[in-house]
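A short write-up of the structure that comes next.
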Amino acid sequence: MGQRLSGGRSCLDVPGRLLPQPPPSPPPVRRKLALLFAMLCIWLYMFLYSCAGSCAAAPGLLLLGSGSRAAHAPPALAPGPDGTAPRLPFQAAPATPLAAGKEPAEGAASQEEQSPETPDSPSSISSFFSGSGSKQLPQAIIIGVKKGGTRALLEFLRVHPDVRAVGAEPHFFDRSYDKGFAWYRDLMPRTLEGQITMEKTPSYFVTREAPARISAMSKDTKLIVVVRDPVTRAISDYTQTLSKRPDIPTFESLMFKNRTTGLIDTSWSAIQIGIYAKHLEPWLHHFPIGQMLFVSGERLISDPAGELGRVQDFLGLKRIITDKHFYFNKTKGFPCLKKAEGSSKPHCLGKTKGRTHPEIDREVVRRLREFYRPFNLKFYQMTGQDFGWD
Ligand SMILES: Nc1ncnc2c1ncn2[C@@H]1O[C@H](COP(=O)(O)OS(=O)(=O)O)[C@@H](OP(=O)(O)O)[C@H]1O
């Protein structure tokens, strides 16, 4: 018996005697239960993790800054029968830039370098919440003007916790309208209740079809136009083209139809875009002037917090972006953000913003200023604002 016991038999073999034994290995059913429990724990953990974002949108559990807007943005269009955004009953014809011209590669469209200042890659916080919220059509759009300071305005606005914006220019209402609203909405970042979705495409302001198309999306869309002295804007526009195609003719020779008579070539898009009064008119057939905000490109540089104050009021946002967010970078020669969206580092716009302009003949500049004066005065009347360009 002793031999048999020492031969590894169980203590149960010896009635009345309990010998120390190694713990029995769990039966397969118990092992399976333990495995199931572990999986349940993992699943529960993952569920709670992904729920965090949605919970943030729930009243009383707000984690991200909603609620600071005084009024909510208008709701997105009701979905169509197939669950997609409604489409207009016609196929989009190619959009017509009012300012088509002799600049073959650039035209009137904004040709912002294809790397937006703040890429769409979400910050660590927003990627934590990336699965939460929903994509909405924009409730506010920066529609122009090309070279007005539109990128600076959007990057500054993105600092606001209640603003979510797509980084790149979608060009939906001028180039991609036939792709439909579902396509457009899909480009947008996800937003939580109370956050505004925004985009900027400066060529909309000079696109004939854009006012009707934006109004068809929502009559309540808020429109922001950053305007800048049309003379400086034209030179900035030319500077951008020159940076890509150094062999183009001089500004002076492109500007005149006939230099001797002093006749200005208004078909050149660099000139055409600056006739703001003319481009504004069609917008007023679709939107009340109170639904448009005109931001001074000059003041956006000299007093960014002041202009951002006006923009936040217009959007119904709490004034969160203030003087404290900016510093003047002497090397760049422009105001920069102390902290960009989703980052703790100072951030200036890239080298394609704030380029050195070529020297233009003073007499040519004077002639151009004279050309724009009546259009500027008309624009001041239409907007009720004197931008002080004359
Ligand atoms: N903070 C800050 N930093 C850098 N640049 C600034 C800033 N604020 C306004 N600006 C002016 O923005 C001009 C470019 O305008 P846009 O962004 O509208 O250009 S684009 O149409 O999107 O290409 C750009 O024009 P240029 O100076 O001709 O390069 C700037 O003058």
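Glycine residues also receive a Cβ, built from the backbone N, Cα and C atoms like all the rest.
Of the residues ARG228, ARG366, TrEMBL places ARG228 in the same 3'-phosphoadenylyl sulfate site as LYS147, GLY148, GLY149, THR150, ARG151, SER236, LYS353, GLY354, ARG355, THR356, HIS357.
Ranking the binding-site residues GLY149, GLY354 by C-beta neighbours within 10 Å puts GLY149 at the top. Taken residue by residue with DSSP, ARG151 (3'-phosphoadenylyl sulfate binding site) is part of a helix.
Considering only the residues assigned to 3'-phosphoadenylyl sulfate binding, LYS147, GLY148, GLY149, THR150, ARG151, ARG228, SER236, LYS353, GLY354, ARG355, THR356, HIS357, the longest pairwise Cα distance works out to 18 Å. The binding-site residues in question are SER236, THR356, and the one with the fewest Cβ neighbours inside 10 Å is THR356. For LYS147 (active site, for sulfotransferase activity), the count of additional Cβ atoms within 10 Å of its Cβ stands at 27 [all protein chains shown]. The Cα of LYS147 (active site, for sulfotransferase activity) lies closest to that of SER236, out of the recorded positions SER236, CYS336, CYS348, GLY354, THR356.
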